[in-house]
Amino acid sequence: MIDRRLFTNFDWTLFGLTLLIAALGVFNIYSASASYTVVTTPYFIKQLYWILAGLFLVVMVCSIDYHMLEDVAFWFYGVVLFLLVVVLFAGKTSMGATRWLNLGLFSLQPSEPMKIVIVMVFARYFSRYPVFQGLTLRELFYPALLLGGPALLIMKQPDLGTAILVVLIACSMLIYVGLRWTTVLSVVLAAIPSIYLAWHFLLRDYQKNRVLNFLNPERDPLKSGYHIIQSKIAVGSGGVAGKGYLQGTQTQLRFLPEQHTDFAFSVFAEEWGFLGCMVVLLLYLFLILWGLQIASRCNDRFGSLLAVGVTAMLFWHVVINMGMVIGLFPVVGVPLPFFSYGGTSMVTSMVGVGILLNISMRRFMF
Amino acid sequence: MKGQRYIREVKEPRRRVLGMSIAVAAVFLVLLSRLWYLQIIESDNLRKLSENNRLRFVPVAASRGAILDRNGNVLVNNTPSFSVAVVPQDVRDKEALLTSLARYLALDPEELRAKWEKGKGRAKFYPIVIASGISREQLEFLEENRLRLPGLDVEMKPIREYGNGQLAAHLFGYLGEISEAELDKEEFRSYNPGDYVGKSGIERSWERYLHGSDGGRQIEVDARGRYLRTISETSPTIGNSIVLTIDRDLQKRAEQSFGDKAGAAVAIDVNSGEILAFVSNPGFDPSLFTGRMSPQQWKSYLDDKRHPLENKALKGQYPPGSTFKIITALAGLQEGLIDENTTVVCKGAHTVGKDTFKCWDKKGHGVVDLKRALKESCDVYFYQLGERLGVDRIAAYAREFGLGSPVGVGLENEKGGLIPTTAWKEQKYNKKWFRGETLPVSIGQGYTLATPLQLAAMIAGVATEGTVYRPHLVKRVVDPDGQVLREFSPEVLKKVALRPEIYRPVKQGLLAVVNEPRGTGGMARLYEVKVAGKTGTSQVVKMRDSKGGVPYQYRDHALFVAFAPYDKPEVAVAVVVEHGEHGGSAAAPIAGRILRAYFEGKGVIKAPVKGGGDEEDEGGAESGAVAPENSQSVPVPEKGQP
């Protein structure tokens, strides 16, 4: 089962890249939480534990042949979908959203595995589906069903950020499979009137307000607007070379919200400046292009679809998080993979990298 | 291997991967150029903002809604109060600031220090309130010395004003700073630390309507924390007003009628369930909870054996004593065990097996029928009836009249009293019910417990001959623009299915209690209106016959329930005087005074002429909330600022 070639073919570049970003993350979390009064284990230590747990998962995921995922994709999908339904009824509510499922020993957020499971299901579906001239609208019917269920359930929690991510990941895979221009055009044309109708007849006033606040945080300057402004000040005041490690005033005076998690990158930007940001940006770019290369070099359709999906997951996390931190996007709670503090995000991202490594090292296996 | 069957057409996706890579690179280029814009082009501006910092968020507290009585008299409102806060990040010398503040404000520096420590875990730009309720002179003095006290902020906050002193203190409840535990609750999701929330009574249970929503403003301040300009602002929304079913004047008279006795009274409109007076005596001063209560004051409340902080009308559970005989009588009539002519011979005691149960009148009442049994409150009559009914049948009728479970008056932590049954005892003590235990229950003793609120609902149900309306305190909720948000109409709590003709003998008995010679409730009599009622005296402990020397806390409770007018009932009252000893002498007069006040208010009884206009001329027309222009707040702009 364990082939010597697996070791020689191990993708050290991808692995090293991941570790490098995670290490930068730990250093940054140390600074971001330096002003916190420590109650228990400091965050950067806990993050190290999470990285170790993540690496263990990477080894686990690598040790099985990814082709097995093709057989179990729908089982996984069923289980996670079921858990999403359970969360709706029996979930733990915190901060106004019901996302967590208490499993006794630990809590689980089923919307997280859904990000990877949707990739598996789409990969399996399209690997057996011959596409000639790009997908037609009718051919999108089943994939839309597969995507719609979980996306709506996650939206209902409500966790708009994750719902959008799941949709974006799935759409990226569709683009990779190939879409006809007529399909894209008709989806767009159908979306416009239905959004109009929903806006006028379906949504209540408070829901409309929520959407408007989401699109334009300045409407609600007390909450999300404040965070964006403070984050922009932090990033911009970093200048070319930054204020220096542990010297960011925005960070150390705690003007930043969630500065060790979702806004970790603005801490980094303030202290390391444009040059530092460029390095991080390049590392992520390299990581994502590498992921696409793995897809391209893979010899079977399932594997290459899987690689594209996982890479898309990482890509959209990076883009949405950074876009939020630098004021391009509204505030949604999306962490920066490997960089933000948090076990959930670390586990999902590490499993993703594990899958990529798995595909990468088995590409010569036929 | 399975995947082999699906080896893809190689050429097409390879091109697509190239396209996707280019797209990814393009997106990263956009991110990079945005970083370029912020960190290179806008850098100087943003760096200045971060240095001079800066932007600060200042919450503007919303005024709570007012509480009004049924006639629109404002009972609870808001008044501006000034408090002193410090912004830790702007403070240069903490010790110096605290010491001088303590001197200016004549406060203990240790107290200020403790407040500071308490607020530390938060962001450093967040103001910590260290003294509230400061006077205007102190305020002006601080304003003048502001430059010498960097980091100081003065906030205006609307605070609760109880225009009528201690009136209905338990009913309104009091406010307090939100606790850590409350902050974690879903209900208080939009609240911030330091916010005031209702802790009891109407303030607590109707918090959702009363609170309003806080506004806030984003301001720019200079390096010393002084206000420069407002960047954006959201104005607070005033809370909704609550219009109670309470009648202020009746409430006042009802409270006065207790004097210094401890107890509770509930007056209720029998045809709607609207509560007209809701008294728990002695009261307390609710404004002390919002301001600074001295430890001595707090201790004196806690040490008072009359328990002033307890809402006795809602949470006081008392054996209903002989007032419960009404239920036993109705049950006996409905079950056909007695009629109005059934007689019993009372020799002063009744014996079951080895146990002897005494009548309160040791000499015995002789031959008694139902009317006399009620009028003179003969225990033996009801012992015998109760024995034949059995505890479970009695319980069923008691529940029919709303006893044994909370009536749902709309206040939190309402107590439900206790109506014992055989099943209850088995479950609770895992013991069988003894026949002898039924006897005390049939005269409202033993395990039986009821709240004054329940007793009022019960007697109201007797007055209406079977319709028990749910007692309620809130008539409507009105938003700041005067629009009615919710209106509460009468709701039937229980519709008692008894034969209509069985009420007459019982009601006649109750009329005799108050109006005939030897009736126990003569002290509740009004000459202008026919009152019907029932006394009750309930044992606190079995400690009889130590005449004169019974300590306060062991004395019997005195009860009285009544309704009036007899022919066309409008109002019912239940009065409990804790340790008042005799229902007839302690509780009945209070009930009489409350009923008198009610009919005087209606114009049925002429009020004795008093000098002056009383307090009638104050503020019925006042609006339900403080004027919004008062809600200007931190930090007070320098004079001459726009």
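From the backbone N, Cα and C atoms, a Cβ is placed for every residue, glycine too.
Features as listed in TrEMBL:
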- A:12-36: transmembrane segment (TRANSMEM)
- A:48-66: transmembrane segment (TRANSMEM)
- A:73-91: transmembrane segment (TRANSMEM)
- A:103-123: transmembrane segment (TRANSMEM)
- A:135-154: transmembrane segment (TRANSMEM)
- A:160-177: transmembrane segment (TRANSMEM)
- A:184-202: transmembrane segment (TRANSMEM)
- A:272-292: transmembrane segment (TRANSMEM)
- A:304-332: transmembrane segment (TRANSMEM)
- A:338-359: transmembrane segment (TRANSMEM)
**OP:** Run the contact check on the transmembrane segment (A:272-292) against the transmembrane segment (A:12-36): 3 or more C-beta pairs under 8 Å, excluding pairs closer than 6 in sequence.
**Re:** yes
Original post:
Should the transmembrane segment (A:160-177) and the transmembrane segment (A:338-359) be scored as in contact, given a threshold of at least 3 Cβ pairs under 8 Å and pairs 6 or more apart?
Top reply: no
Original post:
Counting Cβ pairs under 8 Å that sit 6 or more residues apart, are there three or more between the transmembrane segment (A:304-332) and the transmembrane segment (A:184-202)?
Top reply: no
**OP:** Answer with yes or no whether the transmembrane segment (A:12-36) touches the transmembrane segment (A:48-66) by the criterion of at least three Cβ pairs under 8 A, sequence separation 6 or more.
**Re:** yes
**OP:** State the non-local partners of the transmembrane segment (A:338-359) in its own chain: residues 6+ outside its ends, Cβ under 8 Å from one of its Cβ atoms.
**Re:** 10-11, 14-15, 18, 21-22, 24-25, 28-29, 32-33, 43, 46-47, 50-51, 53-55, 57-62, 64-66, 69, 109, 112-113, 115-116, 260-262, 264-265, 268, 280, 291, 294-295, 298, 303-304, 306-307, 310-311, 313-314, 317, 321
Subject >> Non-local residues, at least 6 beyond the ends, that sit with Cβ under 8 Å of the transmembrane segment (A:12-36) >> reply: 42-44, 47-48, 51, 54, 58, 245-246, 248, 251-254, 256, 259-260, 264, 267-268, 271, 280, 283-284, 286-287, 290-291, 294, 336-341, 346, 350, 353, 356-357, 360
